[in-house]
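Undergrad: Below are the features I grabbed from TrEMBL:
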| type | residues | note |
| --- | --- | --- |
| DOMAIN | 9-197 | domain 'Thiamine phosphate synthase/TenI' |
| BINDING | Gln41, Trp42, Arg43, Glu44, Lys45, Asn78, Ser116, Lys145 | 4-amino-2-methyl-5-(diphosphooxymethyl)pyrimidine binding site |
| BINDING | Asp79, Asp98 | Mg(2+) binding site |
Amino acid sequence: MFGREQLKLYFIMGSQDVDGDVQAALNILRTALQDGITLFQWREKGAGSLYGQTATYEQFARDCLALCRQYGVPFLVNDDVDLALKLDAEGVHIGQDDGDITAMRARIGDKILGVSAHSVAEVHSAEAAGADYVGLGPIYPTVSKADANAPTGLSWLEEARAAFPQLPIVAIGGINLERAPAVFAAGADGVAVISAICRHPEFVAEFQALSL
Ligand code: 3NM
């Protein structure tokens, strides 16, 4: 059963976020798991990723999954639902262009389903279609997503929280240690980060010390 506390420190990573160095990526993931991330999303996507190199792509996913299982942290796959089902991952995260959300819910059964949303209407449809949580962003400018929308700032988070008091919400985009407290104060149940951890693996321990 998915609970909003699982969103608290949500790490997202692919080899493209670590200059293509799969071993370095696995080391970063292990440290992050040891230090207490609550959720992991495998996002092998975009320039420099292993997408299309089927054998290495899948092996890297399996290695990340094995680490997550060791620490009891749910492993979600970005977009690639076939892979998520093949590996029996705990869930899938999709964007607005990745097909019908209701159909996705039907396909993955009771696995965790996360959906990126950029407006009240998109949040509403995601919730109605059975999403377990929505991802809202980018809140701040991001270096990790080439086609990211313009940053929304905290007001969008506040607006979504007011409109959907019970819905699990994770904020994403440019979140670092300095910004995290304000993001929680604006109503997020958690923060999803790529570069904060990939570029500075001590982030997780430092985040825990904030006691948010
Ligand atoms: N999705 P960082 S922003 C994967 O706005 C992703 O939906 C976004 O990376 C969205 O923590 C983003 O390095 C990248 O800014 C987040």
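Cβ atoms are placed via backbone N, Cα and C, with glycine included.
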Undergrad: How many Å separate the Cα atoms of Arg43 (4-amino-2-methyl-5-(diphosphooxymethyl)pyrimidine binding site) and Asp79 (Mg(2+) binding site)?
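TA: Arg43 (4-amino-2-methyl-5-(diphosphooxymethyl)pyrimidine binding site) and Asp79 (Mg(2+) binding site) have their Cα atoms 8 Å apart.
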Undergrad: Cα distance, Asp79 (Mg(2+) binding site) to Trp42 (4-amino-2-methyl-5-(diphosphooxymethyl)pyrimidine binding site), nearest Å?
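TA: Checking the Cα atoms of Trp42 (4-amino-2-methyl-5-(diphosphooxymethyl)pyrimidine binding site) and Asp79 (Mg(2+) binding site) gives a distance of 10 Å.
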Undergrad: For the 4-amino-2-methyl-5-(diphosphooxymethyl)pyrimidine site made of Gln41, Trp42, Arg43, Glu44, Lys45, Asn78, Ser116, Lys145, how many Å separate the two farthest Cα atoms?
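TA: Spelled out: the longest distance between any two Cα atoms in Gln41, Trp42, Arg43, Glu44, Lys45, Asn78, Ser116, Lys145 is 17 Å.
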Undergrad: If I restrict to non-local contacts, at least six residues apart, and a C-beta distance under 8 angstroms, what lies near Asp79 (Mg(2+) binding site) in its own chain?
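TA: Once residues fewer than 6 apart are set aside, Asp79 (Mg(2+) binding site) is near Arg43, Lys45, Val92, His93, Ile94, Gly95, Asp98.
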Undergrad: Through the lens of DSSP with three states only, how would you label Gln41 (4-amino-2-methyl-5-(diphosphooxymethyl)pyrimidine binding site)?
TA: strand
Undergrad: Let me know the DSSP-derived helix, strand or coil state of Lys145 (4-amino-2-methyl-5-(diphosphooxymethyl)pyrimidine binding site), please.
TA: coil
Undergrad: Cβ under 6 Å from ligand 1: which of the binding-site residues Gln41, Lys45, Asp79, Asp98, Ser116, Lys145 qualify?
TA: Ser116, Lys145
Undergrad: By a simple count, how many Cβ atoms lie within 10 Å of the Cβ of Asp98 (Mg(2+) binding site), its own Cβ left out?
TA: 16
